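K.L.:
Sharing a structure below in structure tokens format, with a few things to ask.
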Amino acid sequence: STLVILFVAVFTAFLGEGLTWLLVYRTEKYKKLRDEVDKQSRRLEKRKDTSAADLSDKSAKRKLEKQEERLKSFNRDLSFVNMKSMLAIFLVFTALFSMFNSIFDGRVVAKLPFVPVSLLQGISHRNLLGEDYSDCSFTFLYVICTMSVRQNVQKLLGFAPSRSASKQSGFFGQSQSSFFKQQ
């Protein structure tokens, strides 16, 4: 059962990336926005490196903030373009999850080498009989496998964000330097 669930997680990750490619990644608008985000991220990185000594200069600070705002704008536009595929993926994953959940309902699919914290026991022991909380349900194993597999599939297919763009993005697409300024 565990290998079947791992296969299902890999299959759904490839299916999700296929749908995203079909709806988003191959479009000209996405490619243009992704290139702009990469270009702006590299520019911002260079500007931060060169203006590290110039932080007292107000015009340098203003230029840096303007560059960060431009990057935020492109990231926001890129997220908006991704939204339509997210809806399609959500619908497909909900249908698949419902189908597989009914197949594995009430079955122990794995044995955990630990007892999860009480907060996670509801998910890890979902729809299972008995009091052995080291028994693992389909839901828990599927979610864990999907979380670990999806990012690797994105990297494998070349759809993961570039390192410079990832480095600039902090929480909720906010650049890290502006996030820390607010703290």
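Just so it is clear, glycine is given a Cβ too, placed from its N, Cα and C backbone atoms.
Bear in mind that the values here come from a model prediction, so they are computed numbers and not experimental data.
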K.L.:
Looking at 44-64, 65-85, which stretch does TrEMBL describe as region 'Disordered'?
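P.N.:
Among 44-64, 65-85, the range TrEMBL annotates as region 'Disordered' is 44-64.
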K.L.:
Tell me which of 144-163, 164-183 corresponds to the region 'Disordered' entry in TrEMBL.
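P.N.:
Going through 144-163, 164-183 one by one, TrEMBL gives region 'Disordered' for 164-183.
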K.L.:
Would you mind listing the long-range same-chain contacts of the transmembrane segment (6-25), meaning Cβ under 8 Å and 6+ residues beyond its ends?
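P.N.:
Those are 31, 81-82, 84-85, 88-89, 92-93, 96, 100, 142, 145-146, 149-150, 153-154, 157, 159, in sequence order.
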